[in-house]
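Participant: Here it is, the structure, as structure tokens.
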Amino acid sequence: MASAVDHWFMALALGVSLLKCLFINAYRSTDFEVHRNWLAITHSLPVSRWYYENTSAWTLDYPPLFAWFELGLSHVGRHFDENMLRIQREAYHSEATVLFQRLSVIATDLMYILATRECCRSVSVQKASKDILNRPSFVLAVLLLFNFGLLIVDHIHFQYNGFLMGFLLLSVAKHLQSQHLQGALLFSVLLNLKHIYLYVAPAYGVYLLRSYCFTKDHPDGRLNWRSFSLLRFFALGSIVVSVTALSFGPFVAMGQLPQVLSRLFPFKRGLCHAYWAPNAWALYNAADKGLAVLGLRLGLVESGPQASMTGGLVQEFRHTVLPSVSPSVTLLCTALALLPAVLWLFLRPHCSASFLRALVLCALGSFLFGWHVHEKAVLIAILPLSVLAVQSREDAGIFLILSTTGHYSLFPLIFTAAGALCWVSWSACTSWAWQPCVQFARSCCRCHHWARACPFSRCSSPPSTALQVWPTASPDSTAACSGHQATARPKPAEPGPIHPQHHVSNSRGEWTTDTLWTGTIQRTFTTKRVHKHTSVERVIVSVQLINIPFYIKSLAYCFS
């Protein structure tokens, strides 16, 4: 069985790696020059000058461990083109440079492939189906390896998120396998590679404290304070301190820690990124813009310079009507959003699903209310949720909504005509991968019927039962859905012709939607590499994403 699993997994991994090679000459964003400049900085300058170099606008602003990673890549890159390792103000992108940097992303994705394999092993202990397409491990491998967001962000837009997410997923897999020290080590390395993952650190801290440091609870479930293990606590602490010391130690010894921290937390970049992440602050900005326009027409607001928040630039700005938001306000809102999930995990610490749900909620809470959030940060919630989606019907329904809206919000990153063909085709392919989760979720509760529209498919009636659609679903989980009997239902109708936004009503009077995924969210098809987003497009992105009610729905499910 193990060899057969390895065969199909290696085939999937090889196939997606070859597919990524097709995008070597695709559009690339300014992040390509960012990482090229970091290669030049780490290769050409001594360590003492890494976080002071500012010849280019793309200064080094990742933690030191990622800088060491760039230094290692630079020693390989010099065999491709030594000129790319020269510090210069102008962008440099020779054919050899493009080839090397694209291949470096594909090669470092081996970490992500390894993490996916471990996650598949953590769910393969369930009863396997004879049909490989219905096995949770196979579905999870497809959902993770062929993730649409990572393909856009890493292999077209250009970044190393797959490499970083590999550490997160591998850490999660180790915790699911009760190898907590290895999981803590991997997460510590991840934090020193990219500090944005600090947002999910509360979930890790509470889970390790309650599940590893406290060895047992009272029979009634209350915390047994006497069971606290100092040895385990110091073991965890030594791992975190050791990794952090190796990363930051040289800069602390040189007295450069304040300079490094100023680069890691540049609060002067503004509340929102140039392309707004679809979160609470995007709606807040849109409301301020609308009130400003309305007030100007009614004569309630004095005319002044146009708000810079819609200029497509990374900078500080002040709201016109509503109170301006400071970093401390976003920190408070983020803490309040994370607090329920962390408290819930503290009360239910010994379940791996509880840890994963708390991690996803922490990622979403920070995405909704964080300072200067990037749109790609939604992947921190989508990818771990994939592990839950193949094991629980409720989580499968939540995954359907979040993955659809989250990936949809990434479309504006690919604004060229050639790129449009790529993401439309890829969304059609990934919709096939989502079908098991869609079917699994639709067999659960009436509360998910409103989300039954799926890309390039027509869902006119739910499948008969969860056990028929998902052979590995346990009878207990099928019956766990309150108020809904798993009774036989008619066979789903065959797919009909696809029409954008065509609404039909089924026999119960419920509305379904056939949605053709087109680029309605973004209309700036242009040959220019630098693009701006209009206020209308930003509002469309913000309104179409339902992350705030989704967060509330997820939180309610956790406490139910």
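Here the Cβ of each residue, glycine as well, is placed from N, Cα and C on the backbone.
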Participant: Please find, within the list 94-113, 354-373, 374-393, the residue stretch that TrEMBL describes as transmembrane segment.
Facilitator: 354-373
Participant: Report the listed stretch (6-27, 184-209, 230-253, 329-347) having the maximum count of Cβ pairs within less than 8 Å of the transmembrane segment (354-373).
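Facilitator: Answer, by Cβ pair count: 329-347.
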Participant: Going along the chain, which residues at least six beyond the ends of the transmembrane segment (329-347) come within the CB cut-off of under 8 Å?
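Facilitator: Tertiary neighbours of the transmembrane segment (329-347) are 199, 202-203, 206-207, 210, 271, 280-281, 354-355, 357-358, 361-362, 364-366, 368-371, 551, 555, 558-559.
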